[in-house]
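Per TrEMBL, these features apply:
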type: COMPBIAS; residues: 211-228; note: compositional bias 'Low complexity'
type: REGION; residues: 208-234; note: region 'Disordered'
type: TRANSMEM; residues: 12-37; note: transmembrane segment
type: TRANSMEM; residues: 57-77; note: transmembrane segment
type: TRANSMEM; residues: 89-110; note: transmembrane segment
type: TRANSMEM; residues: 134-158; note: transmembrane segment
Amino acid sequence: MGDFSLRAARIQLGALIAALLIAIFIAIGITAGAFVLSFAVQRDLARQGTIPENLAWIFPVIVDSAIFGSTVAIVILSKLKMHRRDKYFYVAVAVSVVAISILGNAYHAFHSATVAQQAVAAGQSIGYMPLDPAVAAMIAIIPPVLVLAFTHGLGILIKATGIAYSDYKIEIDNAAAGVGIVATQRRVMRNETAEGFQPSLGIVETHHAPESAPHSSPSEQTSSSVDPESSNDEAHAELEWFIATSGLPDAVKDTARRKLADPTLTWEMIAQTSNPPVATSTSWRRYEKFDTAARAAGFENPPLIDVRASDAQFADQLVPTA
């Protein structure tokens with residue numbers, strides 16, 4: 001089951017990296033196309049704004065450079081632990097500059113379509129049938145809007161890739177830890193438990209000589225030595241000791257304790273009530289890490305829960321996040 005989780009985490013990470021690379025190439029293409037269109041439009045607007053012909057190209061360079069710089073800053077800062085106000089500064093810059101580009105493109109397209117319609121109405125041939133000015137304006141704002149949308153989408157993919165990498169690293173660390181360390185903890189736990197009961201055994205042997213001690217029948221010894229409730233409590237205590245002293249992540253320990261305390265909890269409920277909330281598959285993988293380590297240490301059902309039965313029962317919850 002540990003190999004399955006490692007493969008699942010590796011596949012998830014690889015898929016997100018591939019999606020991120022594809023999104024980056026798409027964003028580069030959209031941004032380059034938007035810059036070319038925006039450059040021509042904004043240079044024309046600069047001319048209409050009485051900026052000299054030889055200096056009109058500076059205006060689109062300023063606007064497009066601001067869009068490019070703020071976009072790069074947003075992508076780079078999306079995974080850094082900084083004050084939100086610093087990150088939102090570049091978000092505000094990007095939104096403001098893209099808004100300028102959107103308004104400029106919309107105005108230019110609306111004005112050009114209006115002039116073209118007037119020329120056609122006057123009987124002139126312009127070689128094409130102009131669109132309605134409102135429709136032309138809506139078409140003109142598509143490139144800058146997509147630039148802003150893909151910038152936000154890249155930030156989301158980068159965050160998702162970081163989360164997937166963290167899960168994958170946890171799987172690698174758990175696999176590298178091996179069974180030996182967990183088994184050693186189990187042996188130490190058993191030794192400490194045995195030492196805790198030794199003094200009482202010594203007292204019995206001291207006060208009761210072997211020849212005078214009453215002999216009970218095998219059936220009586222079996223019934224008196226086996227107490228299911230006491231054995232179950234002891235097993236749960238040993239399992240809790242294992243959870244507390246193991247090197248498992250805190251999130252894994254919390255998931256294990258909650259599932260063991262209430263086996264009726266579904267993986268979806270555990271995922272939604274986690275802090276912070278996680279995907280359903282993540283809560284299942286966390287418990288699976290604990291279950292693998294506990295079984296390697298020698299624990300069985302009970303006190304462990306048959307995770308295979310839980311997987312079959314809640315398999316439908318894992319499909320959307322696979």
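Note that the numbers count up from 1, one per residue, in the order the chain is shown.
Every residue, even glycine, has its Cβ placed from backbone N, Cα and C.
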**Message:** Under 8 Å between C-beta atoms and at least six residues away from its ends: which parts of the chain pack against the transmembrane segment (134-158)?
**Reply:** 16, 19-20, 23-24, 26-27, 30-31, 33-34, 37-38, 41, 67, 71, 74-75, 78-79, 94-95, 98, 101-102, 105-110, 112-113
**Complete:** Spatial neighbours of the transmembrane segment (57-77) not adjacent in sequence (6+ beyond its ends, CB under 8 Å) are 31, 35, 38-43, 45-46, 51, 86-87, 90-91, 93-94, 97-98, 100-101, 104, 144, 147, 151, 154-155, 158
